[in-house]
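Engineer: In case it helps, TrEMBL gives these features for our protein:
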type    : residues                              : note
REGION  : 1-22                                  : region 'Disordered'
DOMAIN  : 54-303                                : domain 'Nucleoside phosphorylase'
BINDING : Arg94, Arg138, Ile139, Gly140, Thr141 : phosphate binding site
BINDING : Gln217, Arg219                        : substrate binding site
Amino acid sequence: MAPGFNDGENGADSSPKSVHVNNPHLDSMKEDILYHFNLGTSSHNLPQMFGDVKFVCVGGSPWRMKAFIQYIAGELKLGDPKDEFPNICAGTDRYSMYKVGPVLSVSHGMGIPSIAIMLHELIKLLHHANCTNVTIIRIGTSGGIGLDPGTVVITKQSVDPHFLPKFEQVILGRTVVRSTDLSEELAEELLQCGKELGKFGTAIGNTMCTLDFYEGQARLDGAFCSYTEKDKQNYLAEAYAAGVRNIEMESSVFAAMCKLSGVQAAVVCVTLLDRLKGDQLTSSHDILSNFQQRPQILVGHFIKKRLNASQKS
Ligand code: URA
């Protein structure tokens with residue numbers, strides 16, 4: 001990575017930005033075992049393995065995150081997309097992790113608890129590895145509201161099911177409210193990348209983060225449902241009026257934890273369906289798999305652009 005690489009919020013400030021942890025107990029630990037990654041500070045040389053990481057892309061499925069590293073390796077000319085990239089977390093089936101050059105790709109499973117556990121260990125990993133100027137992007141899938149299926153939504157604000165930009169964490173029996181602010185500059189930069197590509201629709205909007213795929217997202221096709229189609233439509237209309245353009249299950253804790261760690265973060269999710277028109281995923285496998293490549297293509301373009309800019313500076 002070229003020295004002086006700067007991707008901070010403030011373009012004029014070129015001092016390196018580290019990845020913060022805020023836990024006094026960590027200092028007194030002889031070793032930090034990142035259990036769900038099968039990595040540790042004594043068993044692995046984390047600065048050597050990860051010190052050059054500048055971009056971390058996270059997504060639900062291990063398969064998709066492997067496909068992403070193969071794609072980005074080809075785009076950055078750091079390998080052949082057909083290469084087999086080793087899973088750095090081999091030995092555990094909780095998460096998988098792949099790396100090529102300055103890009104790390106990590107799976108996080110489904111829902112807030114799963115991504116939160118992964119993020120605790122990822123943030124510590126980046127901190128222990130002395131990484132600086134890291135950008136983290138969640139690339140995922142979502143249900144859209146009033147958008148053509150296949151549209152890629154870049155999250156402006158992650159909001160809860162009451163359309164409020166906050167994440168509530170219960171700690172020692174008390175509710176701690178954390179902000180879900182994301183970098184506006186990064187969101188605009190990603191939108192610009194979508195426009196430059198011109199291959200598919202890209203939009204900026206609020207993303208509603210829920211605890212569930214069915215009742216939590218006003219679906220009518222779960223095992224249990226106590227509301228009508230009209231109730232569902234009213235709720236989604238309220239969400240739309242609050243600026244919500246897509247719904248998924250990880251963005252709130254992702255935004256909150258990235259903010260606490262001081263890293264620039266974004267959420268880029270493709271919409272698989274328009275929830276105003278239905279609940280079930282009826283598109284063919286080929287169409288859905290094409291849609292799922294879109295956040296990867298957009299973020300791949302963004303990473304190439306950033307790297308080119310840093311080489312020139
Ligand atoms: N992911 C979600 O959380 N909801 C959808 O409707 C599609 C993908």
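Cβ atoms are placed via backbone N, Cα and C, with glycine included.
Just so you know, TrEMBL annotations never went through curation; they're auto-generated.
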Engineer: Mind looking up the mean pLDDT for the domain 'Nucleoside phosphorylase' (54-303) in the predicted model?
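Structural biologist: In the predicted model, the domain 'Nucleoside phosphorylase' (54-303) has a mean pLDDT of 97.
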Engineer: What is the biggest Cα to Cα gap, in Å, among Arg94, Arg138, Ile139, Gly140, Thr141, the residues listed as binding phosphate?
Structural biologist: 20
Engineer: Report the member of Arg94, Arg138, Arg219 (the binding-site residues) whose C-beta atom has the most other C-beta atoms within 10 angstroms.
Structural biologist: Arg138
Engineer: Can you tell me which of Arg94, Arg138, Ile139, Gly140, Thr141, our binding-site residues, come within under 6 Å of ligand 1 at the Cβ?
Structural biologist: Thr141
Engineer: How far is it from Arg94 (phosphate binding site) to Gln217 (substrate binding site), counting Cα to Cα, in Å?
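Structural biologist: Distance (Cα to Cα, whole Å): 26 Å.
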Engineer: Quick one: Cα separation, Arg219 (substrate binding site) versus Thr141 (phosphate binding site), in Å?
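Structural biologist: Here the two Cα atoms are 16 Å apart.
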Engineer: Does DSSP put Gln217 (substrate binding site) in a helix, in a strand, or in coil?
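Structural biologist: The residue in question, Gln217 (substrate binding site), is helix (DSSP, three-state).
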Engineer: Once near-sequence residues are set aside, which residues in the chain of Gly140 (phosphate binding site), 6 or more away, have Cβ atoms under 8 Å from its Cβ?
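Structural biologist: Counting only residues 6 or more apart in sequence, the Cβ neighbours of Gly140 (phosphate binding site) under 8 Å are Gly59, Gly60, Glu248, Glu250, Val267, Val268, Cys269, Val270, Pro295.
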Engineer: Distance between Arg138 (phosphate binding site) and Gln217 (substrate binding site) at the Cα atoms, whole Å?
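Structural biologist: About 20 Å separates the two Cα atoms.
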Engineer: Are there any residues at least 6 positions away along the chain from Ile139 (phosphate binding site) with a Cβ closer than 8 Å to its Cβ? List them or say none.
Structural biologist: Cys57, Val58, Gly59, Arg64, Phe68, Val268, Cys269, Pro295, Gln296, Val299
